[in-house]
Amino acid sequence: MEKKQAMLLILYATQTGNALDAAERIGRDAERRGCAASVSSIDDFDASSLPHRDTVIFVVSTTGQGDTPDSMKLFWKYLLQRNIAKNWLEGVHYAVFGLGDSGYQKYNFVAKKLDRRISDLGATTIVERGLGDDQHPSGYEGALDPWMSSLWIMLYQINPKFFPNGPDSVISDTTLIDRPKFQITYLETDKVDLQSSSTTGLDRVQMQTGRARSMSPGKVSHIKNIPDCFLKMIKNQPLSRAGCGKDVRHFELEFVSATIQYGVGDVLEVLPGQDPSAVDAFLQRCNLNPESLIIVHPIGIESHHRDAEGNDSKVPIKLKTFVELTMDIASASPRRYFFEVMSVFATAEHEKERLQYFASPEGRDDLYQYNQKERRTVLEVLEDFPSVQMPFEWLVQLVPPLKTRAFSISSSPSAHPNQVHLTVNVVSWTTPFKRKRTGLCSTWLAGLDPQDGVYIPAWFRKGSLPPPPASIPLVLVGPGTGCAPFRGFVEERATQDMSGAAAPIMLFFGCRNEENDFLYKDFWLSHAQNAGPLSIARGGGFFVAFSRDQPQKVYVQHKMREQSERVWDLILEGALIYVAGSSTKMPSDVMSALEEIISKEAGVSRETAVLQLRRLEKDGRYHVEAWS
C-alpha cells in the first residue's frame, strides 16, 4: 500500500470564490506556523487517493437551497458509491469548515453532510466542524478565526511534526508576503502583432472579454471565460411608481450573437460594466499606464498556452481593458489579506500600524466596521492609505474579481423568440455612516439606453426551478421580484394552450402597495380572465397580498391560508409547488403555511404534514429559488 503523505492538504469547493479565500487563509496560517500546506480545488483532486492522505482539511460552501457547488459534484458522487468499505478512510484525519448563510433554511447543509459522510467512512475528525455564517457581524471570519486556533492545537497533539516549533510559533508576515502568485509580462507596442487590431465591433468585444477573463485569477468553475452570447437592451421600463422608494425595472434583451436555447426557470448571468471614471481614478491612484500591453499568468506556468476555450495566453491585452473586465475596483470590498499586504507596502508609519491592526485577529471587528459594514471599495481603501503603492502583480491577485450577477429569467422563449427578459430591483442603500451605495450590475443595467446598443456579455444556466410539463397544475408563490420566473411560466402555459388546454396555475403574488409596486399588474389580470392559465374557471387563480395597504400587514402566506382548500385540491391533483423571492423569512413562512394547509385539509397532525411536505420535496414537487 502507498505510504501516506504527511502534508496538510486543504481542499475547497466554491461557487463564488469565498471558500477559496478561506482555504487560502488556512494555508497561509499553517505555513506561518512552519506547517507545509497544499491548497487545491476539490475538482482537481483524485477522490480515489483520499485514503492515502494523512490529514485533509475541507472548506466547502453551500449554494442555493442546500446545493453542492458545481466543483464538488463529482467528488461527492464518488463518496456516495455503495461499494466503498466503511473503513475506507481509516487512519485519515480530517476537519471541515463550511461557508453558508443562516438566512437560508438549509444552512451549511453541504458542510454538515460532508462531515457525516467522511466520518461514516472511518476517518477521524481533528476538530468539530466550523460553520461560517454570512449573517455574523464579521461574516464567515467570525467563526474561522477561533476554529483555526482550535485546529492548530489539536493538529499539534495528533502529530507534533506538523509544527516543528509548536503551533504558537509564527513566522514574520513579511517573509511570506514577498511572493505574489501572478506574473505580469509587459510588451512593447511596436513589437506586438495584436490579433484584435483588425477586428471591430462585436468580434473585438468578444475576443477581449474571453482573453481578459482567461487570464483572470478570479475564475469560478461554472462560468466559461467566453460568454455564451452577447445581448443588447431593446427595452428599459420602470415597473414601480417613481418616488415610491423602490426602483424595479423590466428589461428586454435581444441576442446579437448566437441565439441560446433556454427554458423557463433558467438563470441569466450578466457581466456588468464598470464606471469609466472609477476605472480611470484607480489607474491614476496606482500609477498604472492604461495603454500598457500585458500578459497575466500564474508564476510557474509557462505564459504561452491555450486554455480550454482556445484563448491564446501569449496574445496581450491592454492593461485598462484587463482592469475593466476582471477587477472589481469600485463595488466589492477587499478581503482581510488585502490589508495585510498593504501594510508591507505602506511607507507612512501610522498607516502601516493601522493596516497591521486591521489584519490582526484583535482588529477583526474594527476592520468589519470600517470595511464590510460600510462596503468600502478597493478604490476607497487605497485612497484612505495614500502612502501605499502596491505592485500591479499584487493588485491582480488581491482585488476582488469582477463577478457575473445572476437573474431569474422572466420570459418564455416560446412567447419571445430571440429575446430574454429580466425583472430587476435596482439596488441602493445607505451605510451606517450615511454613504449612498448602489448595486453594480442593477444600476449599470438601469442606466443603459437601448439606443446606445451596448453589448452585454451573458451566460445561461439552469436554476433551481425546473420547467414544468404542460399537463401538471402549478402552485406558484412569488412576492416582489420573486414573480420574475413565474411570468415566464405563465407565458409558456398561454403558448401551450394554443395546442390544447394546459393545466391551471395558482399564483400568489405580494407587494407593498397596489399603487406603487404591483409588478406586471395588467399581465397577471389578463391571464386570470377569459379562461386564461390563471383563471379560477380553469381551476387556477391569481391572489395578491398588499402588505401596507391596510393597518394589518398581509403577506402571501396569509392569502395561501385563505385559499387552503383550493391549494390542497391542486396538490391532490399532483401540482408542483414553486417558491421564489427573498431568502430571509419568506421561504420558511410559506413552508409553515403549507404545513398548516396539509394538516387542516388532510386532517392529519402537524408532524405528519411536515413529513408529507418533505416527501413532496424529495419527489421533486417542491422547489425553492431564494436570494439574499
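Counting begins at 1 with the first residue displayed.
For all residues, glycine too, the Cβ spot is worked out from N, Cα and C.
What TrEMBL lists as FMN binding site is THR14, GLN15, THR16, GLY17, ASN18, ALA19, SER61, THR62, THR63, GLY64, ASP134. Among the features that TrEMBL reports, FAD binding site is placed at ARG375, ARG405, ALA406, PHE407, SER408, GLY439, LEU440, CYS441, SER442, TRP627. Feature annotation from TrEMBL assigns NADP(+) binding site to THR481, SER547, ARG548, LYS553, VAL554, TYR555, VAL556, GLN557, ASP589. The compositional bias 'Polar residues' annotation in TrEMBL covers 198-211. Marked as domain 'Flavodoxin-like' by TrEMBL: 8-152. Sequence annotations record features per position, and here TrEMBL assigns domain 'FAD-binding FR-type' to 226-468. Among the features that TrEMBL reports, region 'Disordered' is placed at 198-219.
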Over the residue list ARG375, ARG405, ALA406, PHE407, SER408, GLY439, LEU440, CYS441, SER442, TRP627, recorded for FAD, what is the maximum interresidue Cα distance in Å?
-> 25
Among ALA406, LEU440, SER442, THR481, VAL556, which are recorded as binding-site residues, the nearest neighbour of ASN18 (FMN binding site) by Cα = ALA406
In whole Å, note down how far the CA of THR481 (NADP(+) binding site) lies from the CA of SER442 (FAD binding site).
-> 13
Write out how many residues of the domain 'Flavodoxin-like' (8-152) are helix, how many strand and how many coil, based on DSSP.
-> 58 helix, 36 strand, 51 coil
Do any residues at least six apart in sequence from THR63 (FMN binding site), in the same chain, have a Cβ closer than 8 Å to its Cβ, and if so which, in order?
-> GLN15, THR16, PRO69, VAL110
What count of other C-beta atoms do you get within 10 angstroms of the C-beta of THR481 (NADP(+) binding site), across all chains shown?
-> 25
For FMN, with binders THR14, GLN15, THR16, GLY17, ASN18, ALA19, SER61, THR62, THR63, GLY64, ASP134, what's the maximum Cα separation in whole Å?
-> 15
Could you tally the C-beta atoms, other than its own, that fall within 10 angstroms of the C-beta of ASP589 (NADP(+) binding site)?
-> 17
Do you know offhand how many angstrom separate VAL556 (NADP(+) binding site) and SER408 (FAD binding site) by C-alpha?
-> 20
Spatial neighbours of SER408 (FAD binding site) that are distant in sequence (at least 6 apart) but have CB under 8 A | GLY265, VAL267, LEU422, THR423, GLY463, LEU465, THR481, ALA484, PRO485, ALA580, GLU625
Taking the residues THR481, SER547, ARG548, LYS553, VAL554, TYR555, VAL556, GLN557, ASP589 listed for NADP(+), what is the greatest CA to CA distance in Å, to the nearest whole number?
-> 19
Quick one: pull the CA-CA distance for ASP134 (FMN binding site) versus ALA406 (FAD binding site), whole Å only.
-> 19
For ALA406 (FAD binding site), the closest of the binding-site residues by C-alpha position, picking from SER61, ARG548, VAL554, is SER61
Over the domain 'FAD-binding FR-type' (226-468), work out the mean pLDDT and round it to an integer.
-> 92
Using C-alpha atoms, which one of the binding-site residues THR14, SER61, ARG375, LEU440 comes nearest to ASP589 (NADP(+) binding site)?
-> SER61
Across all protein chains shown, the binding-site residues THR14, THR16, ASN18, SER61, SER442 give the max Cβ-within-10 Å count at SER61
When you tally the Cβ atoms that lie within 10 Å of each candidate's Cβ, which of the binding-site residues (ALA406, VAL554, VAL556) has the highest tally?
-> VAL556
